[in-house]
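S.K.: I have a structure I would like to understand better, so I am pasting it below and will then ask my questions one at a time.
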């Protein structure tokens, strides 16, 4: 406490130096981003399968979109369904491949619109599978067994299977299973859980089931299908309504003009399990919204 | 001890019975059961895990990747703590009255009310920051600014500013007011009073505590990524979700090495001047600032504010339906039960293993010229000492969240996995702390016993244990408080309790439910903290010993 003045001066010089260093760092970063070309279009999708599979599915789509939109396209990976919705709602991405339920979540949170969906999405199904050693042969046998849904916000892995369990089979997932249902996080993870016997049965997306069957990724002697749900509307590419009309239209056309006769397009469509893309409209998701409210999974922030 | 009315031994026996009963009730209440450990599915899960863990992925590409992630985790912890310190100092100053500036007669009533309001607000912010589990902050920031290390940096900054700020504020208030008073009498302003009257008094303790927390933050940064916030945690989550146990084995080994290296570094740095630690810390923070892709800008953009608002709107109108509140309360109780049972299991195991790991009890003796064990007995000591130390080291090194992920794979989701995860990690922590306390015990009584030919067990039970009982209990109580927070975290990876419910609420955008759950969590954490402070003071019988890190080795 001898001479306060020089110490204050040292403090000031020190903080000034630090400030300059921080500003310089920011300056560098700002400079880098300014050198880039046109603003990239950013897309994401709900992580309903493992990241390797997702990367495989999105790579050709990104290439297609870059060619058709004439701008760089960036795929932004996310690790949970809600993050995909949030990214779209917040505008950190422009387009998101959402499930029926996540689309409805997004539209209750912000102005968004559905653009296109695969032909199979208009009549989508879930399958219920069981481990062969579990003694589960039909839905009625599920009482008292351990059961896995997919992600909590999944339409075909949670919302619709839950809805059909309650409505068509009078099974209350919160009471009738052995303990609370398990959430595997993704469709292919559900298959692994059932096959390994970690749970007795589970429900998942029909198209993923067919893909793992075709790829031989599941031991068919360990797992059997016990029920397939009636059809419902599921996935869609969703855009922020704030995007320019022309961008949204170009994006839509890029998908609608995919032609199964073109071998390059065919490869993309095959990987996604589709024959063609068709337009989607907001009304397509009204039924899902009603079901989501009835099951209590959808809560409007404003009520 | 003598102050208690009636027979102290009887009072102690009653207390012990009550403790045991509370653990039994809590374990029943939390749904904890060990029966599932060995059933067919669990053994299958265990076999899968073990199968992968014994053949780690040692390909160059993967090793390089994991090494990079370890550096990323380290930088996340350092940069997060640096930010936390800035926030903590600000909040601590706002939350306290500087000694010597109390009841300033020059202040008009309006201004002093405003100051009181500001203090209350700062205290509230500190309480919220430290009570909300850091994994929830990380999750929210992943939502707001996207995947990557940024969210983990922000999460650590916020949580640790709450923890550090609270202690900084307490130290300011406990400082000797005389220098500040004299400075004020000489006409110094508030800044000068702080810089010359208060800071020199608390600087040493602030620094020591900040460095201790830095170590905790670096450890925490190794696992926060499970929600997509970069570092080793993200890799662990992915390899578990997709059953790549060979990759998991490699990453776990790296986490183990990371934490052990951290401990060695911190032991080494404690031996040299603190300036070295400060220099390394500053350098690390600057490197982190330059290297980590933290989206600072995104935090201030309008859309980030929008999202913050969307989150806060729930707090304006949290879910209040009686059925939801009842179920949240049940979850809160079950979370407290999880922490209680886990602490009890860990403490009872640690009390047995800690003496085995302490040199004095196995190889050495209390008498200077004690007859050493001959031949095979020496080997026997080594056979006990090494595994005891290794088990404590490994269980302590892997964070609770990693254990939770592993137990969820082994046993399936649920509270049992959560309790075991907390118990295993706490066993390592308490075992180490107990060991340190035992080594520091006065050798006198044990020497007397040894000289009169008492066995090793009698020396421990009669000569050492009575001396250290109070401190062991204080450490254990402190750990229970830490475990309560951890119990709310492990739910995020499926291990039951409040964390599970919060994860569901966020996943489904039920922000009002989330707000209600958070309010319950904050209330419970703050209440248990306050109770714990009181209990520790009673146990130790002195005020200065309220925080265990003042009395002994830093609790990891």
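Each residue, glycine too, has its Cβ placed from N, Cα and C.
Residues annotated as domain 'ABC transmembrane type-1' in TrEMBL: B:70-266, B:332-532. What TrEMBL lists as transmembrane segment is B:74-95, B:248-269, B:276-296, B:331-358, B:379-395, B:401-424, B:486-508, B:514-532.
Thinking about packing and proximity, how do these listed features fit into the structure?
M.R.: Within the chain, the transmembrane segment (B:248-269) has long-range Cβ neighbours (under 8 A, six or more residues past its boundaries) at 52-58, 62-63, 66-67, 69-70, 73-74, 211, 215, 218-219, 222-223, 232, 235-236, 239-240, 276-277, 280, 393-394, 396-399, 402, 556.
Below 8 angstroms of C-beta separation, residues 27, 30-34, 36-37, 41-42, 45-46, 48-49, 135, 223, 226, 233, 236-237, 240, 252, 255, 334, 338-339, 341-343, 345-346, 349, 395, 483, 486-487, 489-497, 500 of the same chain, each at least six residues beyond the ends of the transmembrane segment (B:401-424), sit close to that stretch.
Outside the transmembrane segment (B:486-508), and at least 6 residues removed from its termini, the chain residues within Cβ reach (under 8 Å) are 30-31, 133-136, 139-140, 143, 226-227, 237, 328, 331-332, 334-336, 338-339, 342, 400-401, 404-405, 407-408, 413-418, 421-422, 425, 514, 517-518, 520-521, 525.
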S.K.: How about long-range neighbours of the transmembrane segment (B:276-296): same chain, 6 or more residues beyond its ends, C-beta under 8 Å?
M.R.: 72, 74-76, 78-79, 81-82, 145-146, 148-150, 153, 207, 211, 214, 269
S.K.: Within the same chain, where does the transmembrane segment (B:514-532) have neighbours whose Cβ lies under 8 angstroms from its own Cβ atoms, ignoring anything closer than 6 residues to its ends? I mean 6 or more beyond.
M.R.: 127-128, 130-133, 136, 311, 314-315, 317-320, 324-325, 328-329, 331-332, 335-336, 477-478, 480-481, 484-485, 488, 498, 501-502, 505-506
